[in-house]
């Protein structure tokens, strides 16, 4: 095994209370279930989660919501997980709802080292509250700040021992993106291949972005 190979129970050494975690996937598809479960089992709390949605009660990052491990949430959609809505209304979770495209670009900006992005999305709505507005060529834009995280957890359908990754269909959602914007990136890989077995033109996330690999099996 390479130095990037991480046993699941060794994930705990990268976790601490109050940390920020980005996650890939869409409605739980493409979210690394084993990594989520290990985070839950570790007992860490007061987490900030950044990702597209909170999936369902027992899917994706849902178990972290249900078991009161999350303090803050930056996401686009919470409607399929009723526990998220309940905890938001009760004041148990601070939820920042962000339009999906804006969320993606804020993460991308964080990964690219940019100071933010300008978008017309949300101008004239509650989304603009507390944000700087900039006018360019007669059109108003919101300045949206970049997003970064302590770790990103992603799920790949296959990858090699160096950490080059490929995804399957819609399971690709947000996974390559969050890998750009975290200090430490941990990938759950279903099919782990020897170096050279993954064709270069299939690689979506290059090994340089991956710190650790955890086998799904």
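Numbers here mean position along the shown chain, with the first residue as 1.
Yeah, the Cβs are placed from backbone N, Cα and C, and that goes for glycine too.
Note that the structure is a prediction, hence the values are computed from the model and not measured.
The secondary structure of residue 27 (CoA binding site), as reduced to three states from DSSP, is coil rather than helix or strand. Less than 8 angstroms from the CB of residue 27 (CoA binding site) sit 53, 55, 56, 59, 60, 80, each of them six or more residues away in the same chain. Residues or ranges marked as CoA binding site by Swiss-Prot on the basis of sequence analysis: 24, 25, 26, 27, 28, 29, 30.
Long-range neighbours of residue 24 (CoA binding site) (same chain, six or more residues apart, CB within less than 8 Å of its CB): 30, 31, 32, 51, 152, 153, 154, 155, 173, 174, 175, 176, 177, 178, 179. Counting every protein chain shown, the Cβ of residue 28 (CoA binding site) has 20 other Cβ atoms within 10 Å.
Neighbouring residues of the recorded CoA site, listed in sequence order and excluding 24, 25, 26, 27, 28, 29, 30, comprise 31, 52, 53, 55, 60, 155, 170, 171, 173, 174 (Cβ within 8 Å of the Cβ centroid). Counting every protein chain shown, 21 other Cβ atoms lie within 10 Å of the Cβ of residue 26 (CoA binding site).
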